[in-house]
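Let me begin by presenting the structure, written as structure tokens, before commenting on it.
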């Protein structure tokens, strides 16, 4: 039942592609115009709907994560500034807190603070308030540069003592950990020196990029005896964009090399049979599919992301591979026709090639399409965008291959028959021209047969099976199989007579009633022993015999020209596959060795998959030599002790109620006791209690247990005075008339972690403490957005692999006609992907959204190439043994797969010269 169904599917597809091939080849110019116009329309999407997404938080983190929800709440209720930072440091053993160096720091601080670009965009507590900036000077009461005067007025010992006092009043050492780095302390905790100092300027999110770039590119004042590094919250995005822009030249070089390789692979050393112009058409076909496919996605509202640039090489590999298969199919048809003494018209050659090659490229395209379509439901937006673009572009490429490129092949075949030169079609060699009235297209016979044939390439034109001495020998040992045995015809030599080349039509057509490998008989083994399968020696199929040419026409067909040898030569790669690679790989000794090698690699890969770590080192995202590398190193060296985490009250509560206030203070105490929290970052609640206790207005109405004013009116009146006195309008949001507390935030200093597992543990511990308190308070830090991707990245890897396996399992058994072959292809895809984990382990590449996208790309390439070989293996009828199938698959499809893979590798190689380490790792 299954085999009958798959045969029926293949026959329907073969008939459909045969008819399509004839229609396209009959009217190639009209097909070309229609394809270019139709797909060209989608290019409008680049003009009318282009939107570029470069925000890493929106690309590489789940959109519905808790961190994203908190971020949305913050953006709706708080004006969240962005930062521009100086990080200054001195050599080991020295201090940046000396008077001379602090005077230089003040000049640097003032130059930026008083600049017009900063004053126009800075964050302020109120329109009349000074711009927000944080440095050691602001510890003395104001962000204004004049605050440094109070610091510089002190002697160096008094200055250090004052800084120690401020630090202790704010909760201890963690309070200054984001301002001073490399701090040396006395045994009693007094600050003795500091090697590094950080200055942070706050601007609003609406600030234009030019302000950030002006800050980054501003010249460093001369005469400074400390190192100045700069960074902003947009620096990584700027550097990624810069790296991508710098790689455009390398991408262009890669595309040029792919074009050159395609032309060399399709071309021959012949004026006529070279296919250089067809190679250009193949490249244009790929480019059109990408540009129009991407344009269609833009019209659908799917934003473009930098990661989509990787699709260029994946789609180029798939498209060029399909082009090689179509051209190879036409060449096989031409060679098989010459073997049989048949002259087919360009239309018939193209139709016969498409009826078999069309099924091959449909199998892989449909499998890739489903794999990427299922991958588009990934919870990580970058992967979803990548798969959506890949899905549409692959669909467009498939349609263009069977229309646009087939029309180009038809025109090229007409050119060859007319004896016209490849690169100069206006010139021709008359001796190579074929008379049009000499074509023998058995169209009526094919229609009467009702089946365009099962097989591929030269199978469509192979001879009817006939009895030979070798088959008789085989039948004597296996009488039951005598009717299905045959000798496989060899190509005629140039010295053979025309009559000797005539096909014999006395034997009836062979019935292909069972295409499963189980139908293989003993006689087929004997046949294969006496005659191998190669591009010049195609096996027999169940097609009805085609008419032979009269001797006079045959002589005309064999008329020698400067291109006759090119017509017969299957190519070096096919010869290598047929004469070297296939005999070697089918050898028992070499086969066992290969299996053992890959078994060892598989075991190592499984081990490596358990050792690969999660994480994303931002150093990999910036080019070599970037100023950000120095900033990253300095930040890690001097400010690795802690970072500020904010806690937001997102739900209304009766905060004036002493019992609720006790819960709030208990939560703060619980967080401070956590091993992931270093200390307080000047949270306002203890300060408010101290303010209320010291105020004559409220000290008489304090709750004895909590120290807050009661009742409700006194609490909110005291809180409003506290906010005004300390300029905390952006941290404590009171409702109209100060009747209640809408929201607030406080900050603690979290311990810096440099391992993804610790990062996740820290985030989970803070969230768990807040959830247990049930106060609607949630922790937030921008890094949580990226940390949260690791909650889904491993499940995302597994999900994408499973979905790809489902796509392969659905399509391939039907298209390749046997579940076992489909299972083998599925195993090969799995081996490729599991093997990539070993490569990641060896190259120390971490698992993250970027590397996951590369795994998705590998799924597409592995499915494409493996499915091609699997389909070619199963395309022969059931009376052909495995050795013949293997030989046929490698010699016919192996060349095209080889060219497709090599073209992709050649295109990617220039990126090895990229300054972007992430591109190097992705290779």
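In case you wondered, yes, glycine gets a Cβ from its N, Cα and C as well.
All TrEMBL annotations are machine predictions without curation.
The model shown is predicted, which means the values in this text are computed figures rather than measured ones.
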**Asked** Under TrEMBL, which of the candidate ranges 162-185, 186-209, 210-233, 354-377 is annotated transmembrane segment?
**Response** 354-377
**Asked** For the transmembrane segment (855-876) and the transmembrane segment (589-609), does the number of C-beta pairs under 8 Å, pairs 6 or more apart in sequence, reach 3 or more?
**Response** no
**Asked** Is the count of Cβ pairs under 8 Å between the transmembrane segment (792-816) and the transmembrane segment (589-609), pairs 6 or more apart in sequence, 3 or more?
**Response** no
**Request:** Mind checking which residues of the chain, 6+ beyond the ends of the transmembrane segment (589-609), have their Cβ under 8 Å from one of its Cβ atoms?
**Result:** 831, 834-835, 837-838, 840-842
